[in-house]
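Structure first, then comments.
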Amino acid sequence: MSSNSISGSPELESLTRPFLASSPSLRSVTNSTSQVAIVGANVCPIESLDYEIAENDFFKQDWRSRGKIQIFQYVFMKWLLCFLIGVIVSLIGFANNLAVENLAGVKFVVTSNMMLASRFGMAFLVFSVSNLALTLFASLITAFISPAAAGSGIPEVKAYLNGVDAPGILSLRTLIVKIIGSISAVSSSLLAGNAGPMVHTGACVASLLGQGGSKKYGLTWKWLRLFRNDRDRRDLVTCGAAAGIAAAFRAPVGGVLFALEEMASWWRSALLWRSFFTTAIVAIVLRAFTDFCLSGKCGLFGTGGLIMFNAYSESITYHLIDLPLVLALGIIGGILGSLYNFLLDRVLRIYNFINEKGIAYKIFLACSISMFTSCLLFGLPWLASCQPCPSDTSEACPTIGRSGNYKKFQCPNNHYNDLASLIFNTNDDAIRNLFSRDNDFEFQYSSVLIFFVTCFFLSIFSYGIVAPAGLLIPVIVTGASYGRFVGMLIGKRSSLDHGLYAVLGAASFLGGSMRMTVSLCVIILELTNNLLLLPLIMIVLLISKTVADAFNGNIYDLIMKAKGFPYLETHAEPYMRQLTVADVVTGPLQLFQGIEKVGNVVHVLRTTRHNGFPVIDEPPLSTSPDLYGLILRAHLIELLKKKVFLPSPVPQGSGVLKQFSAGDFAKRGSGNVDNIEDLEFTEEEMEMFLDLHPFTNASPYTVVETMSLAKALILFREVGLRHLLIIPKIASRSPIVGILTRHDFMPEHILGLHPLLVRSRWKRLRIKLPRFLTSR
């Protein structure tokens, strides 16, 4: 998003300084845009996306000239791209799970064989070194190739769908690093998941297909270049995000609802159908590959990964006496979820001070977390006592050389280590063990409690390192462990199985941390194949979300604020009702005449980084100064490139439209934006004129200067605007007062202009403003 496009001079340094971009060296950097955020490790200017259709003369002529064949091609290609997104994302999801199961499986098999031979020291060495090597590899490729691939990726995609365009978050380089890095990080026994990275992966695939490939790497497809605009790409990225969740959990309906509830800021029925079609393709492809692997042709993959956590029981019953226990689970989940978010926010702040010192410190931090994790995972099972194998189990006991419920670890024959069954496994297998039914006496109280505390803190410490790592799976396994512990405490006083309590615990912790309800409910149902739990899961999610909302925001919103993304919330702050749109606009206003001198256009473009400029007509083109519309920076640069200049300031007419094609004004891919600095003009050309009328959006959104800021925010967000023009209430004045952009709705900007509002708002939220904001 460009800064407030109403200043003729270079813009002021951003008022927004996220804590992830708060190093002293960065504070001195003069930025020409209104927002600065950290994406991965790079501080970069934040731009907005042009979701609004520029209804100029060229656009109208282009649509009038389209025949039925072109319209059919447009619709057909959109469905074809949804099909391709579903196929590609499902293949990536399957390959991801296949690689994790085999990499982690080989590591556990080799370690277990050494444990059987009583070579415990060598077993620890192999376990820790392999984990360190995998973590180091993931950190190196992330830090040096694509820092934007670090973390979950869900906050970045959510911000993009809100209209925030941060460089590099959906590039081909980020896609490759996200896939390889998440496989390596999850296989390294870090408490990290691949669900978040799969959402980011799906969004990257959709974005690259929508822009026709990557011109930078020579991967382009001309027949896919029908959607080179932000509006169509937004729809495709939404479908990609839904496909990512569907591929991670094999939950097609849950993927659609996740995109609707958590990711997308704008939704319509056509998008619902396309995203549903995309996730259906994902489910079909995954089912085919999973059935193929069940024949034993995929190495160690086959009983893990994409297989559902089957917690189904035909005999499940629950009564009114169980409801207080379920409500208590929801309350506990809300409290724990809000505490989890609070601690994660604080840990990210600490990590920032380490990461800002350089790449070497980032790598060292990641390796330190890996070594600490390996020591815990290998050492904690020694605290648990060995349990005799049950006589009525249908599985092999003890489990040797593969995943299972009864890990032998250091125990003698016919005994198993219940804590090792949870810790010395992949996260998917740990969840499966906790969800398993009809084995209420498998785990000891101390083992489940130790596992819960370990997962709670390790998942916090593992997130934020320079590697692709998600939060959904760690939150599920943490919630399942405390749910299982509650079920064990209750014992026979409840008719519910301990495995079902683990399912409810996972739901409550997800609701307390992620703050979603409908999508999480469906995802859990699709994961567990247990529709009978629906009422209980609904109650748990509602209670946990309600309790947690009283303390802080959801985890992804906190991360977005940490990264500095100017995300527009669905609601307006109360103080915005006290302000009008004119109260947050700063000047002076930069305008273009309908027929403007080339030299003036070039000077303004070179001295500012504004994205949109108002165009006005004055006599003799109009009887009085009138607002004609808004023209975009990219369109101005295209006009200058074509050099459609006039020797005198007279209207050019519609004939100039024949010199352009729709592709000239299409949105370029990442890193392919034209710069005004690359264009050169002679002195004679600088004295010539440009007729801006045919290329100016003659119907921009406008509001009167007395409209409340809260009302303008709702309009700005729901329509998906980048610019909102402010017109005067009295017609005799100038035809325009200013322009509202995303920056003008940010609390830091508003409270910087009106410091008297600081005390009431920030005292309530217990947030202290930076000193330079309160001293203006």
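Glycine too: its Cβ is placed from the backbone N, Cα and C atoms.
Copied from TrEMBL, the annotated features are:
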- 74-100: transmembrane segment (TRANSMEM)
- 120-145: transmembrane segment (TRANSMEM)
- 236-259: transmembrane segment (TRANSMEM)
- 271-289: transmembrane segment (TRANSMEM)
- 296-313: transmembrane segment (TRANSMEM)
- 325-343: transmembrane segment (TRANSMEM)
- 363-384: transmembrane segment (TRANSMEM)
- 448-478: transmembrane segment (TRANSMEM)
- 499-525: transmembrane segment (TRANSMEM)
- 531-551: transmembrane segment (TRANSMEM)
- 695-756: domain 'CBS' (DOMAIN)
Which of 74-100, 325-343, 363-384, 499-525, 531-551 contacts the transmembrane segment (120-145) most, counting Cβ pairs under 8 Å: 363-384
Recorded stretch, among 236-259, 448-478, 531-551, maximising Cβ pairs under 8 Å relative to the transmembrane segment (499-525): 531-551
Contact between the transmembrane segment (325-343) and the transmembrane segment (74-100) (3 or more Cβ pairs under 8 Å, separation 6+): no
Helix, strand and coil totals (DSSP H, G, I; E, B; other) for the domain 'CBS' (695-756): 25 helix, 12 strand, 25 coil
